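Quick look at what TrEMBL lists:
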{"type": "DOMAIN", "residues": "107-261", "note": "domain 'Sodium/calcium exchanger membrane region'"}
{"type": "TRANSMEM", "residues": "107-125", "note": "transmembrane segment"}
{"type": "TRANSMEM", "residues": "137-159", "note": "transmembrane segment"}
{"type": "TRANSMEM", "residues": "171-194", "note": "transmembrane segment"}
{"type": "TRANSMEM", "residues": "206-228", "note": "transmembrane segment"}
{"type": "TRANSMEM", "residues": "240-259", "note": "transmembrane segment"}
{"type": "DOMAIN", "residues": "295-437", "note": "domain 'Sodium/calcium exchanger membrane region'"}
{"type": "TRANSMEM", "residues": "296-314", "note": "transmembrane segment"}
{"type": "TRANSMEM", "residues": "321-339", "note": "transmembrane segment"}
{"type": "TRANSMEM", "residues": "359-384", "note": "transmembrane segment"}
{"type": "TRANSMEM", "residues": "396-414", "note": "transmembrane segment"}
{"type": "TRANSMEM", "residues": "420-439", "note": "transmembrane segment"}
Amino acid sequence: MADTDSPTSEFDLHLEMDSLAGKSSMELEGLPLFSSRPIGRKISSVDITTESGIVGHGSENCGSQCIILRGIFRSIKIALFSNKLNLLVPFGPSAILVDKITKNHGWVFFLSLVGIIPLAERLGWATEQLAFFTGPTVGGLLNATFGNATEMIISMLALQNGMIRVVQQSLLGSILSNLLLVLGCALFGGGLALRREQVFNKPSAAMNSGLLLMAVMGLLFPAVLHYTRTELHFGKSELALSRFSSCIMLVAYVAYIFFQLTSQKNLYMPINEEESPTDENSVDEEVPDISKWESIVWLFTLTCFISILSQYLVNAIEGASVAMNIPVAFISVILLPIVGNAAEHAGAVMFAVKDKLDISLGVAIGSSTQISMFVIPFTVVVGWIMGLPMDLNFKLFETATLIMTVLVVAFMLQEGTSNYFKGLMLLLCYLIVAASFFVHIDEDSSRKLCGFYLRLEYTLLCNTYLSFILQRRIILKSCTYKKRKKKKKKRHILKSVGILRPQT
């Protein structure tokens, strides 16, 4: 059988060589290196398949484990070691250690505030990675949603602790920070980098400005109703109006999202991309750094870490205000939003420098629109469910600041062009707002601070009284001990002399 099979195998080989000789090199690259047919009978095909199956199964298991471990290490390396801002990550665990060891609220607040900054930036990065797999419209919505996740987490924790004024002022400060600080830095940086006027999509900016004015209307009427004393039921009409207006604002925001996703998909496309969609997109096409499921895992992990640090941050606000001698209003309106808007701040400036001003406006104004039309009404509804009197009355000073800010931004953007001078004006306006809140003392916060001071003085008095009692007891015990010692010594002397007889 072996003799009869050998000529046929040689004939097959000659045929294969003749057929391969007429093919080009490109066609040869697609052919398999080994043929599945056995050439001769000297080596059994069953033996080859069994041996390759055993070796292949073990190598596949080892290879799959190595691939998974390499993917995990690569994802951790990209997420934690690709940005210099991650050098601030150890500040978060340091805040937890300081709180457990010393209970120094000033240091706990500072360390947790700094520790949240890189986590918020990485949360924005993970959202951008997920946006590669969802499309531009849903990706922009995800960027706006998870960009405000830090503010939302801080607000929910403060609302759970009953700190309603901190919730109101931190959300107001986030709107002011996005409209004045983030947008101002974007316009200023883009104008200085390009040395010319930048053009943006005017209908998109006008629509966001209209939504901001609607939010201002929802916040204005409860404050006016409160300060003019024209409530139908004193103390109840203001809260009922706030809850009704919050539901209306939530419906308006849902309609805005539906409008954005369906009928106006190209409304938020940058003007430069509409003019030349094929020139730069092919060159500047970006590729995601991690996969879809890795970005989802990082979103969940970073949100958990931000929630833990935000708990320490919220608990240390009042103590930090006392320790650093800074008003609670300044901490809530200025310091907390700067941390929450760190990701939006860096992204907006970067896009403006690259002459993508429409994306910068979408980040800054879109984030303010979402906070004013979704996050604030949502906190009112959550407070309603929890039985807390969370309302839309942000007090007269805060409401007037918001109205002036929205009007200034609307006037700056009405022409559809921007330059570095407009950005400088917005930054100077933010400095005025920051100085105003530094010298502003909120009534409710001052009452809470008075209560905090009273509790602190009460604990100090109690500790002083307890220490006084303990010292008095120690002194009395030492005195009685000395008296007893003297009596024993006197009796011993009398016994030795013989004056005092021993007791039988």
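Glycine is treated like the rest: Cβ placed from N, Cα and C.
Keep in mind it's a predicted model, so treat the numbers as computed, not measured.
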Between the stretches 107-125, 171-194, 359-384, which one has more Cβ pairs under 8 Å with the transmembrane segment (296-314) than any other?
-> 107-125
Do any residues of this chain, six or more beyond the ends of the transmembrane segment (321-339), have a C-beta under 8 angstroms from a C-beta of it, and if so which?
-> 104-106, 109, 113, 116-117, 120, 150-151, 154, 165-166, 169-170, 172-174, 176-178, 181, 313, 345, 398, 433-434, 437-438, 440-442, 445, 448-449, 452-453, 456
Its residues classified by DSSP, the domain 'Sodium/calcium exchanger membrane region' (295-437) shows 119 helix, 2 strand, 22 coil
Which bits of the chain, at least 6 residues beyond where the transmembrane segment (107-125) starts or stops, bring a Cβ under 8 A of a Cβ in it?
-> 79-80, 83, 85-95, 98-99, 143, 146-147, 149-150, 298-299, 302-303, 305-306, 309-310, 312-313, 315-317, 319-320, 324, 331, 335-336, 339-340, 342-344, 346-347
